[in-house]
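Working notes, structure below.
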Amino acid sequence: IHLNLMRLGRVAGAVWEDHIPPREPESENKLDGETASDSESKSEFGGAPPAPTSDDTPEVLNRALSNLSSRWKNWWVRGILTLAMIAFFFIIIYLGPMVLMMIVMCVQIKCFHEIITIGYNVYRSYELPWFRTLSWYFLLCVNYFFYGETVTDYFFTLVQREEPLRILSKYHRFISFALYLTGFCMFVLSLVKKHYRLQFYMFGWTHVTLLIVVTQSHLIIHNLFEGMIWFIVPISCVICNDIMAYMFGFFFGRTPLIKLSPKKTWEGFIGGFFATVLFGLLLSYLMSGYRCFTCPVEFNNDSNSFTVDCEPSELFQLQEYNIPLVIQSVIHWKTVRMYPFQIHSIALSTFASLIGPFGGFFASGFKRAFKIKDFANTIPGHGGIMDRFDCQYLMATFVNVYIASFIRGPNPSKLIQQLLALRPDQQVHIFNTLKAHLVDKGMLASSEDA
């Protein structure tokens, strides 16, 4: 009897299992790339992440391209909008450095807004106080600090001439720190019971956004003051690489490059590299012959305006270079005349092609983490402003480091500005020290010889 009962139990169990669908593994029920900690965070953040954004293609383009497949429609939409953005880029360059700085500021604010909005869409269900207010307040504080440093550095004579500006310049860092402390205290006072961890997530979100967007956009302005060519060539190389990688990938792409961006291909990556290096050489050659592009941007105190007039440095004077023997046998040239800056442009375009795209991959990973297609739908076919500037910010940091490491030397005008800010007795001491040094070097006659 006991054996028969055991057999009946096994048969009943088999029948029961046949009527129950198999249970899927827990890992397969989660979204792609989601971990247990992600699921916990999702419940704390108040539900599902933001829904994917979609591009708002203008109705005119929709009607004109209605007969095309989605692939070719996207091609034409991206192409037309790209040409429009390039035309706008040329216009703002023509308008001068001040307009360029204002555009950089506007782009920075828009990028900050797009990233903060993603965080707010997750956060707002709790209606916790002051998150958006504090985010914009910290943006104001950081911009006050950076732009105050720039004004003091590049507009020294103007600052010393105006009493209010002189006081603000003297205590600039203390004022900046006091402003930040005010925001810090406001954040601590805004903490709400049971949601502490969420609020600290958002505090970190804001500060990382400030580090990525504001700090790096400010480096673009520093590059601009070194000369328009240091602003235009790097940005143009990133734009060229983006366009050429898309074109090579569109027509020849077969091999996937990275999982974060499934549409990126090795064919596009390699083709974009060679096209960008060639483009950088040609653009650098064209721009190196014009002082308006090569001279540092300086503020003229007499006319209260920016000037870009100077004697071109050695970087922008044609020189003759010997061609390696291996290449001589192919092109039958022994020497070539080119600007030294063109050699530097190879480094810039190489970075824009090989390392710059990782800024885009980083942005792709960020968007995948929050299950969104684009940061916003500001530009049809391209997404948000941050979608277009994810590589530009990384490029700006590299250019700034490159200039500081290999290009920039002591600036006599800035040294004189600092000397003029010293007390008279300090100026006399420096004068006597410099005079004694020049006499020892034999570059100046001593008072006894005279």
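Just so it is clear, glycine is given a Cβ too, placed from its N, Cα and C backbone atoms.
Since this is a predicted model, take the numbers as computed values, not measurements.
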Can you say which of 3-21, 174-192, 383-401 is given as transmembrane segment in TrEMBL?
174-192
When TrEMBL marks a stretch as transmembrane segment, which of 92-118, 227-253 is it?
227-253
Hey, which of 130-147, 174-192, 343-363 has the most Cβ-Cβ pairs under 8 Å against the transmembrane segment (199-221)?
130-147
Under an 8 Å Cβ to Cβ limit, what residues of the same chain, 6 or more beyond the ends of the transmembrane segment (130-147), are close to it?
105, 109, 112, 116, 119-120, 123, 172-173, 175-176, 179-180, 183, 186-187, 190, 199, 202, 206-207, 209-210, 214-215, 218
Are there residues at least six beyond either end of the transmembrane segment (343-363) with Cβ under 8 Å to its Cβ atoms? List them, or say none.
233-234, 237-238, 240-241, 245, 258, 260-261, 264, 269, 272-273, 276-277, 279-281, 283-284, 315, 375, 386-387, 390-395, 398-399, 402, 406-407
